[in-house]
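Working notes, structure below.
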Amino acid sequence: MLSLYSAAASFAPATAPVATATRAAVSMATKEDLAASLNPVLGYYDPLRLGSAAFWNESQEATYGFLRQAEIKHGRVAMFAFCGYIAQANGLTWPNLLGVPTTGATPAEQWFNLPIQGRVQIVLFIGFLEWWGEFGGQGHQHYMRGGKPGVYPPFKDIPFHKAHLNRFSLYDPLGIAAKNSPEKKASGLLKEINNGRLAMIGIMGFLAEAKVPGSVPGLTGLIKPEVFDTMGPFA
């Protein structure tokens, strides 16, 4: 759902290449500094050179914003999935949803046992969050247009919003992070990205062990075998 616009190069001033090169150099330095902070041992590791690519005829900066946004978003989803898988695998589920018991031996089985109305509601709600993250919020700068990757627009600009949504933020509902210093916010970003990376590895480890018992030695005997092919729809 990204809004992609082609650049009007014919109207660019003669000095544009120099300015672009300068911005790209600054962007590369920022990427390397961030990578070193995230993993001092590995540093900036980009064998496929995606960080310097230009997707969809966009600028390198727009492409980097897209990739960083994708990493942060997938990391956040993976952290939810990792914790949710552990909770559901240990029987911590809602007792009833739409009048139907939510039971099952595994998290995937519990999902497929939900009534179709419940699954549709969840998918539609996720779709709304995705749409609002891309297009919502007056004055919200898109991450491919100079905005900060990972920033989610508040709900105050929803046309049918209620008074209590005026200051509600999905990322920071209690307003705690907004009071942090820039240094603490930068440290929090590093922790979030690293935790998200680990969660992505963790949830895929759960799914691999559930589908092929013994494929993840550290999880052998801890994860119940899965009948459903969780990754089947993406194959």
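Glycine too: its Cβ is placed from the backbone N, Cα and C atoms.
Among the features that TrEMBL reports, chlorophyll a binding site is placed at GLU71, HIS74, LYS191, GLU192, ASN195, ARG197. According to TrEMBL, the feature chlorophyll b binding site maps to ARG76, VAL123.
Locations of recorded TrEMBL features on the structure.
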{"residue": "GLU71", "record": "chlorophyll a binding site", "DSSP class": "helix"}
{"residue": "ARG76", "record": "chlorophyll b binding site", "DSSP class": "helix"}
{"residue": "VAL123", "record": "chlorophyll b binding site", "DSSP class": "helix"}
{"residue": "LYS191", "record": "chlorophyll a binding site", "DSSP class": "helix"}
{"residue": "ARG197", "record": "chlorophyll a binding site", "DSSP class": "helix"}
Item to complete: Measuring CB to CB from GLU71 (chlorophyll a binding site), give everything in the same chain under 8 Å that is also at least six residues away in sequence.
Response: ILE193, GLY196, ARG197
Worksheet item: Per residue, counting other C-beta atoms within 10 angstroms of the C-beta, which of the binding-site residues LYS191, ARG197 reaches the highest number?
Response: ARG197
Worksheet item: Are there residues of the same chain, six or more positions away from GLU192 (chlorophyll a binding site), whose CB falls under 8 angstroms from its CB, and which are they?
Response: ILE72, GLY75, ARG76, GLY150
Worksheet, complete the sentence: Taking all protein chains shown into account, the Cβ-based neighbour count within 10 Å for ARG76 (chlorophyll b binding site) is 18
Worksheet item: Cα of VAL123 (chlorophyll b binding site) to Cα of ASN195 (chlorophyll a binding site): how many Å, rounded?
Response: 25
Response to the item:
Same-chain residues at least 6 apart in sequence with Cβ under 8 Å of the Cβ of HIS74 (chlorophyll a binding site), in sequence order, are GLY196, MET200
Response to the item:
Excluding its own, the Cβ atoms lying within 10 Å of the Cβ of ASN195 (chlorophyll a binding site) add up to 16
